[in-house]
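S.K.: Structure in structure tokens, see below.
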Amino acid sequence: MEKEEKAILSDESPEVINYRGVKAMPFIIGNETFEKLGTIGTSSNLMVYLTSVFNIKSVTTATLINIFNGTTNMAPLLGAFLSDSYFGRFKTLALASICSLSGMTVIMLTAAISKLHPPHCGTKETELCRGPTTSQLAFLLTGFGLLIIGAGGIRPCNLAFGADQFNPATESGKRGINSFFNWYYFTFTFAVMISGTFIVYVQSNVSWALGLGIPSCLMFVSCVLFFAGSRIYVKVKPRGSPLTGVAQVLVAASKKRYLKLPDHPELSLFSHVPTNYMNSKLPHTDQFRFLDKSAIITMEDQINTDGSASNPWRLCSMQQVEEVKCLMRVIPIWASSIIYHVAIVQQHTYAVLQALQSDRHLGSFEVPAASYSIFSMLSLTIWIPIYDRIVIPFLHKLTGKEDGITLLQRMGTGIVLSVATMLVSALILAGLSEAFNSIGQIEFYYKQFPENMRSIAGSFFFCGIAGSNYLSGFLVSVVHQITLNGARGGDWLPEDLNKGKLDCFYYMIAALGAVNFAYFLVCSKWYRYKGGDRVEVAMETKGSRKHVV
């Protein structure tokens, strides 16, 4: 339906839209590549930058970065809402790109201008170092704020905007979308590798001003490419946020909370579905039955001539209700991702601090501390084709499932690996864990959300990481304060990690992960896949088991 609207809005056939999509790809892919190089190049080495240039203590730095990353990952939810409801993807990306460029420039200036950061320490005793002034910290945080605004607009819109350029109803459109997705993930991996090696090396060993100036220049190129293709792009107008429909169901159910549900709700409740409705038809389910009350037709409810409800805040269709149920069923599964990502977050904070205090020399070459994070990306990159080409076909023969194992089983495997990551502090295991859980999460949200909520689905993944960042910052602060004043053992997280007990902190996160895995198993057993009733009937017909987690 979305592509049909594009053709109507632009008076162009689907073939012309696809042709324009092909012409737009160099601009969009170029924009994506340089944007990621700029963003990752700026953020990947912040732990080292804040401790070595701004002389901020490691515990404070870890907390600050967790808050920054958490807010950065929470912002896409608001960005998706504003894009869908008011601005559209093109305007949202345009504003966000400018904000990202401004934020990178501000952070670059904190390194280039001596008055914008405290003087260099010149001694290993950090207690003698002078921290940043209020104005220096405020200028730095302004840069962080601009990056957050940029991420809030870019992350929920960039994939969808690229897909907007093609019509999936045609074969050429499908090929174009698949090609774009392949290039998108390739550019992400490429950006991580370049940022984690070359840019980080320049920052740590040549000049912070130059090392942060390079991402700013790359982001400038990204903006130029984005606006250069402006006349070619297909620009879909905002159609209103799908969250409005969610709110309508909740309000209507609340208004009718005292009504009694009929014995056969699937036969007597309001079941109108608009013509050319873009979402797949969902069967009635017994979970969250209180929401069914929003579809009870009373004497006060009026029906329009086309069959729709006159007041959608009082009467909702069963299709709307089931779509809200899809969202509510996902939330408990999503909650498990918060604790899962706490283990992954440590690879960008305390794992970097560990590397700083380690012997990183390979002959005469010293590996930058922040470059250690690329090992998890390497293991993820190597594992994905192995999993896709070897593991899935093997598991398919064993289980008979198309993907070898279910999405929830894949996510559960990732949680187990995250626990193992904390027990042995292994970057390689972190990469494997993300290959199972993080990628499984993205696919899970994409498939289980209603079709018109997929921009929200993309934001859900980032919101889980945001919760992990906030929780990690909270744990670091609490553990530091409790163990610092404790009578036994001493501070777990001192400035000099060699004098602390970082292993105990990791064991604590591993224990939380084990509890989280038990919680995930309970939620998985309870969970019902979207359209599950129809799937179960089909499986019964084939003589298979009815429900498999």
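Just so you know, glycine gets a Cβ as well, placed from its N, Cα and C.
Feature table excerpt (TrEMBL):
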- 93-114: transmembrane segment (TRANSMEM)
- 134-154: transmembrane segment (TRANSMEM)
- 183-202: transmembrane segment (TRANSMEM)
- 208-229: transmembrane segment (TRANSMEM)
- 369-387: transmembrane segment (TRANSMEM)
- 407-432: transmembrane segment (TRANSMEM)
- 453-471: transmembrane segment (TRANSMEM)
- 505-522: transmembrane segment (TRANSMEM)
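Quick one: where do these features end up spatially?
M.R.: Sequence-distant contacts of the transmembrane segment (183-202) (same chain, at least 6 residues past either end, Cβ-Cβ under 8 Å): 25, 29, 32-33, 36-37, 39-41, 44-45, 158-159, 162, 210-211, 214-215, 368, 370-371, 373-374, 377, 381.
Below 8 angstroms of C-beta separation, residues 24, 26-28, 30-35, 37-42, 45, 49, 53, 93-94, 97-98, 100-101, 104-105, 107-108, 111-112, 195, 199-200, 202 of the same chain, each at least six residues beyond the ends of the transmembrane segment (208-229), sit close to that stretch.
For the transmembrane segment (505-522), the list of distant contacts is 333, 336, 339-340, 342-343, 346, 350, 411-412, 415-416, 418-419, 422-423, 425, 475, 479, 492-493, 549: same-chain residues at least six beyond its ends, Cβ to Cβ under 8 Å.
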S.K.: State the non-local partners of the transmembrane segment (453-471) in its own chain: residues 6+ outside its ends, Cβ under 8 Å from one of its Cβ atoms.
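M.R.: Sequence-remote neighbours of the transmembrane segment (453-471) are 66-74, 76-77, 79-81, 83-84, 155-157, 159-160, 242-243, 323, 327, 330, 334, 337-342, 344-345, 438, 441-442, 445-446.
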